[in-house]
Every structure is written in C-alpha cells, then in structure tokens.
Amino acid sequence: MDDNKRPLYLPFAGPAILESPLLNKGSAFSEEERIYFNLEGLIPWVIETIDEQAARAYAQFKNFTNDLDKHIYLRNIQDTNETLFYRLVRNNISEMMPIIYTPTVGLACERFSKNYRRNRGLFISYPNKDRIDDILNNSTRHKVKVIVVTDGERILGLGDQGIGGMGIPIGKLSLYTSCGGISPAYCLAVTLDVGTDNPQLLEDPMYMGWRHQRIGGDEYAEFVEEFMQAVSRRWPDALIQFEDFAQKNAMPLLERYKDQYCSFNDDIQGTAAVTVGSLLAACKAANSKLSEQRITFLGAGSAGCGIAEAIVATMVSEGISDQQARSQVFMVDRWGLLLDNMPNLLPFQQKLAQPCATIEAWDNYSDNISLLDVVNNAKPTVLIGVSGSPGLFTEEIIKAMHSHCKRPIVFPLSNPTSRVEATPKDILNWTSGQALVATGSPFEPVIVNGETFEIAQCNNSFIFPGIGLGVLSCGARRVSDEMLMASSRALAECSPLGKDGVGSLLPRLEDIQTVSKYIAFAVAKAAIDQGLALPCTDELLQQSIEANFWEPEYRRYKRTSF
C-alpha cells in the first residue's frame, strides 16, 4: 500500500503539529483532524487542498521582485510546511530551481548570518569535538538516509563562507527531494564549523559561527574522522555526500573515505558524472565518440581533474589505452598548461600533466603555455571551464577553436553566473550557432541567425538525486566509479539532442524526476553487478525505486492517545 494512502498515527496534538515542518498541513487539516488534534481555532475555517495552498503560495512568490527575497520566502515555507514547499517547487521546477539553488543560493550563503531565521540541519563546531555523538542524537531527523556535509571553505566560486555554507547542503537536499523523490524526513544537512579565514566574517558582529581561524592539518583530519565514525554509529546505512570542501581537503577526504563508507564528493564525482554524460550526448549529436575528442580544461583543481579522470576512464571503456586517452587531455591553470616538469604539482594533477617532450615542438613553446597556445597547437574539439574566473573564454580563443573544429563543444561550467568563463550568447555568436554549449548555471535561450538554441544546464542536479535514489533503492554499501559511469551513460541516453537531433543537450528540468528514476535504475544495476548490493530482478528493482520515490502529498493523521 502507498505510504501516502496509509494514515500516520501521532501521539501529540495542538501547536506541536503546526510547528513541525514535516507534519504541518496548515489549512489542509480535515475537520476530523482539527477536532481530534485540538486544532480548532488555531487555523482559519476554510479547508483547502494542497494545490489550492500552492496556488496562493505561488501568487505570493510572484510578488517578490528580487531572487534573494524569493529564496528567503521559499525557505520560510520549507521551514513551516515541507510538503507544501515540495509541491510548490515540483509544480514550478524550472522557475524555482535557480532560486532554491544556483545561482541564488550563493548570495544566500553570503548573507546567511544576516538573514538567519530558523534552525535547519546540524552545526557541529570544533569546540564540541568531544560531543559529536550527542549532537547527532539531537537531530530532529531520526531515520536519516542521506547526509550532505560541508565545511564552508569553498562555496561555489565565492570562497570561504564559514557556516554560511550551510545554504549549500540545505539546497542540495531540497533537490534530492524535489528531483530524486527522497523523503525530506530522511535528509540531513550538516556544517562542520571549523572556523573561517574570511576576515569579513571574523569581523562581522552578526556572524554566527565559531569566530576563529580555520583549523587544519591533523586537527582537521581527526575532527572529520570523529564525525564520520559518529555518523556510522548513528546511521550506519546513510549515504554521505561531501560538498564544497576546499581543494586541499576535497580529494584527500574522497580517497580516504570512498572505500570505507557509502560516500562521494559531488564537486568532484558528481560534476564529473554530469559532464561526462553531457559530453557523451554532445558526441552523439556530432556523430563522433568521446575517445575521438581532444579536450582542454581551464581549471586544474580537484573538480577539473576529477572530470578529466572520469573522461579518461570513459575513453578507455570505448577501447583506447589509458596512455592514449591522457595524451588527448590538456589541463590549463593559472600557471599555464600542466607539464610533467613543473614543481609543486598536486598528486591528482601529476597524472594529467603533459610530457614536456611532446610539447616542445609547439609554436610559442615556453614555461607558461597559455590557453590560446593550447587551442592553437592541440586543436581541441572540447573546451571545459572550471576556473571560477569570468570572461576567460575570449572571442579570440573560441574563434581559434572553431577554425579547426566545425562543431566545437564548449562547456563554461563555473558557478555562479557571475563567474562563467563566457556566456552562451557570445559563444554561439562567435561560432555562428555551430557550438554545442552547456553551462553550470541557468541561461535563457539564445537566438542566432533566427534560430533558437536551448542552453543545457550541466548541473549536478541531473545526477546526484538519481545516484541517491539508486543507492537507497538497492541498499548499496558504496558509491563506485562504475556506478558513476552508469549514471553518465544513463543521462546521455536521456538527451533530446542525442536521441532526436534537435533540442537541448540535456533533458528539460520538467522531466528531471523521470530522468532521476532512469539514472537510479542504472546506478542500482551497476551496484548489484559489482556485488555492492544484494541481487535483485529488474522488476523488483523498479518496484523498489517507485516505492522509495516520495511524492509531496498530505497523509491522513490518526491520534494514538488522548
């Protein structure tokens, strides 16, 4: 029987129900519920359906003139009535996703302490390092299945936001529910408050976090270890998603924990999975294979290198050698093209550095090979931006790329919109509409020579909700590289441009729940094939996915005692 059709038995009544976001129905409580739960007089006379409530909420939403106010309004609904919040977002997903997540969430993080209204999630501060178990036990969520955790050090392209980074886990989990159907009762946002190195926050009298320089080294590692062990004790089957950790910590934490816990890093692995999926779709639209591409990255941090490694793995799966695949990937950072003789390369960069011997014959060879030099010499067919610096994909660079590539694939992925390497409008105008474009933040359609181009948002929201739903539906013990590759291939199979030759590279946001279920099935199948989940028939797996997919509908309440 569908959970939404079963009554929920509650032992308490009155304001306690109205003040619980997971239980509150507002004006939708029935006459019987109002009597039995002592709600008469506490809410207006009229009994409404959830869609009537959503219509009023949407009208109020439209009265706000700026995106931050809209974000605050939606968060207030979420903190008052979660079922209504998710019904409203589901009904208006394209309009509201940019409000509850990127790009608006960046500004919300910057103003977190100034706009703080009500608690949500857990703040685990370093001075409380010996009481993490107690803090987890204080959570209002008792059956946690998905945790999104940040330390606030690298929030989007905005840098260190301290506890203001909590806006990111809250936003991510909103998408786990609205896109992936994971019940909000199973979701927990966590911020590890280890201080901040942002002087503006340290000097701000309204800042609500631990007012201290960030801890690092062994202290930091031990604190994170205590947190992971405590979570394992409290919720041993929970999926843990690392979010917006700084480069110096992101990859080491991923390597340390990916084989110990059911965990993944969305900035590295989620971004890689959605990018590979988008590239596979673009390659299909261009009648080519990923293994045939020459790919240049602007940005060689953990996210960029994570994408590059996923691309290499996918190329190898198409039949070329690892060495050949790496020879087709060029990483450029602030110091120029990564070369194997450069000092101070991080371990994850070393494997992607080009041998000097193969580059010495290039025109304009020097110790600092610019992005333009790489484009002119390597002649890439794919250009990916994860630099966090706006405007670096110049007209000269894009036109140079187009001169040797009829349909260049250009992905300026930096978030938020203010950090994008080039706008889709410019890229398409510079290439006479020939480029295949996907961006990290949402952009309006572009008209070039009378033709309208839908801009695909290469956003992790197309991937991580499906991964979460797949993990929960099959009971996977880990998140493997094979599961992530399966998610990429499943996403590519959903591409309108890849399937039909027209439309966007990625599906419409209105179809994201269907896409998430499709990805969940592929992810769960990969987990089962690897022995990371118990064997299951396709039919039972599909039934499990549907059973785990939560819908924003009110349940009937029954009183257990008076």
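Glycine too: its Cβ is placed from the backbone N, Cα and C atoms.
Same-chain residues at least 6 positions away in sequence with a Cβ under 8 Å from that of TYR101 (active site, proton donor) are, in sequence order, GLY171, LYS172, SER174, LEU175, SER461. Look at TYR101 (active site, proton donor): DSSP puts it in coil. As annotated by Swiss-Prot, active site, proton donor applies to TYR101, with the evidence given as sequence analysis.
The feature active site, proton acceptor is assigned by Swiss-Prot to LYS172, with sequence analysis given as support.
The annotation NAD(+) binding site is assigned in Swiss-Prot to ARG154, ASP267, ASN415. For ASP267 (NAD(+) binding site), applying a Cβ distance below 8 Å and a minimum sequence separation of six or more within one chain yields ARG154, PHE242, GLU243, ASP244, PHE245, ALA250, SER302, ALA303, GLY306. Under the three-state DSSP scheme, ASP267 (NAD(+) binding site) falls in the helix class.
Annotation note: GLU243 (divalent metal cation binding site) sits in a coil segment as assigned by DSSP. According to Swiss-Prot, the feature divalent metal cation binding site maps to GLU243, ASP244, ASP267, an assignment based on sequence analysis.
The site 'Important for activity' annotation in Swiss-Prot covers ASP267.
Same-chain residues that are not part of GLU243, ASP244, ASP267 yet have a Cβ within 8 Å of the Cβ center of the divalent metal cation site turn out to be THR150, ARG154, ILE155, ILE168, PHE242, PHE245, ALA250, ASN265, ASP266. Each of the binding-site residues GLU243, ASP244 was scored by the other Cβ atoms within 10 Å of its Cβ; the lowest score goes to ASP244. Other residues of the chain with a Cβ within 8 Å of the Cβ centroid of ARG154, ASP267, ASN415, the NAD(+) site, are ILE155, LEU156, GLY157, ASP244, ALA303, GLY388.
Less than 8 angstroms from the CB of ASN415 (NAD(+) binding site) sit THR102, PRO103, GLY106, LEU156, GLY157, GLY440, SER441, each of them six or more residues away in the same chain. The local packing around LYS172 (active site, proton acceptor), expressed as other Cβ atoms within 10 Å of its Cβ over all shown chains, amounts to 27.
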